[in-house]
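The region 'Disordered' feature in TrEMBL is assigned to 1-111. What TrEMBL lists as compositional bias 'Polar residues' is 14-31. Annotation comment: TrEMBL describes 93-104 as compositional bias 'Basic and acidic residues'. Marked as domain 'ATP-grasp fold succinyl-CoA synthetase-type' by TrEMBL: 157-363. As annotated by TrEMBL, site 'Important for substrate specificity' applies to Glu197, Asn265. Annotated domain 'ATP-citrate synthase/succinyl-CoA ligase C-terminal' per TrEMBL: 425-544, in sequence order. The feature substrate binding site is assigned by TrEMBL to Asn426, Gly483, Ile484, Val485.
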Amino acid sequence: MLLVMREKARRPSSRGSTSHRSGLSPLTAQTLHGVPDSRLPHGGAAAHPRSGRSPLPHGGRRSAPCPRHPARPPPGRHAQPLSSPPQGWAPRGRAELPPGERGRAGTAAAGRAGGAAKMAAPLAGRAAVALRTLALRSARLRGSFPAVQLTPRRWLNLQEYQSKKIMADHGVTVQRFFVADSANDALQAAQRLKAKEIVLKAQILAGGRGKGIFNSGLKGGVHLTKDPEIVEQLAKQMIGYNLSTKQTPKDGVTVKKVMVAEALNISRETYFAILMDRACNGPVMVGSPQGGVDIEEVAVTSPELIFKEEIDIFEGVKDHQALQMAKNLGFKGPLEQQAADQIKKLYNLFLKIDATQVEVNPFGETPEGQVVCFDAKINFDDNAEFRQKEIFAMDDKSENEPIENEAAKYDLKYIGLDGNIACFVNGAGLAMATCDIISLNGGKPANFLDLGGGVKEAQVYQAFKLLTADPKVEAILVNIFGGIVNCAIIANGITKACRELELKVPLVVRLEGTNVHEAQRILNESGLLITSANNLEDAAKKAVASVAKK
């Protein structure tokens, strides 16, 4: 998952997308998903979930397992989720902090297009594959079927101030800041800071805040000032008003809090990241003295400026490793030791919060001789939610669609689309196929709803409530393959929902797998108007035809 923010002119990410255009940095996207050899320095092969190759060069191409870390599952508490992710794994949610602005924290946001403060993050398990695939297929779907519009689903969204607090709580140096939910609180916060210059940032999950517009008439969600009184005046025009950016809905998002932070000058910017590397079955440090820019550009144009250091997860970052990385990043004199200390603290953070990636860009120094993490992204391992309850409890769902929050209460994975045929499916792959085949037959999917494997009858009922509450839905297609799922449970849930909800839209059901004959008997003897389908294509044709008859 992720953390940390910046209102900086990097390539903006689309709302809630995944992978390369999603929340992962381009470099990390290479690491997790793989890119052509020509995109990597020294012709190095990108790490891929199944290839196990190293993403970055350290003397050239390497495909053999890391000699220092044999392929063995870490024992004890490290067995999961600190181990190298399994095949098919994808990081979950991500939040961002845009503290780093080139030349001065907060300055770039006010003057240039903002970076993505809200990124999507991939889902856990089947939903992870679903969202990643949805994001990658969205362009194709829209190209072939212009009516299909994807509404991305976001997971574990942390506001900038929440992410900064997590870092500060672990000893990582960030800007001093306060959070305010009223203009008077903002004034008091600005006065308490006693800073030479103050940056005021609206707290929403969308990127592009620096160039956003409030419905109060104020332009820009990020402002610099030296006068605390101005902070109060600006906060009055921010809090309670909607801020519209390129990544928000048309009407914008209501700003409920603002962050009042110390604005710092940056004399030099570097790049630093810690992430899991499949080839070494553990974490690696990646750094470059060229920070504050898209790191993949550095990897292509100046590969000699990319440094990689493998970490033994049982021993952690050693002093000489941290110092060597600080030297590689160009820190000199007392700043070298200071940077090494920050690197060790970032690694401790990486382990303690069960992160899969901690990326700091820029990892910079100030004219006053301070090493500061101005901007970072942190991906969390969703498998560790059971022991990271405090972090996951911070998830900001206020900007989600209400139907998404309602679905999450029942462990349903929901993504809204713009069509009129609701899809009720178990498994991400099957859901993708269902959406595709509806489109291929001239229909328009209204949603993506994944029941998952451990479905219960009550979940089926709640799923039908969600689907029928959408006024766009004119037909429902149930497509279930009973591997883990018992088809009879689905059938009982369907009949209960149809009776109690008095279903008024056509219902097409295709069931296969475990206990399918019992499920068909339940449906046939129910006396309900349910259209059965023999296969997926037959189901899609019947669902599309049922809408066309209206």
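Cβ coordinates are placed from backbone N, Cα and C, and glycine is handled just like the others.
Distance noted between the C-alpha atoms of Glu197 (site 'Important for substrate specificity') and Val485 (substrate binding site) is 59 Å.
If you average pLDDT over the domain 'ATP-grasp fold succinyl-CoA synthetase-type' (157-363) in this model, you get 93. Sorting the domain 'ATP-citrate synthase/succinyl-CoA ligase C-terminal' (425-544) by DSSP state (H, G, I as helix; E, B as strand; all else coil) yields 59 helix, 23 strand, 38 coil. A gap of 58 Å separates the Cα atoms of Asn265 (site 'Important for substrate specificity') and Gly483 (substrate binding site). Of the listed recorded positions, namely Asn265, Asn426, the sparsest Cβ surroundings within 10 Å are found at Asn265. The record assigns Asn426, Gly483, Ile484, Val485 to the substrate site; their largest pairwise CA distance measures 10 Å. Per-site Cβ counts within 10 Å over the binding-site residues Ile484, Val485 peak at Val485. Cβ-based neighbour count (10 Å, all protein chains) for Glu197 (site 'Important for substrate specificity') stands at 17. The Cβ of Gly483 (substrate binding site) has 12 neighbouring Cβ atoms from other residues within 10 Å, across all protein chains displayed.
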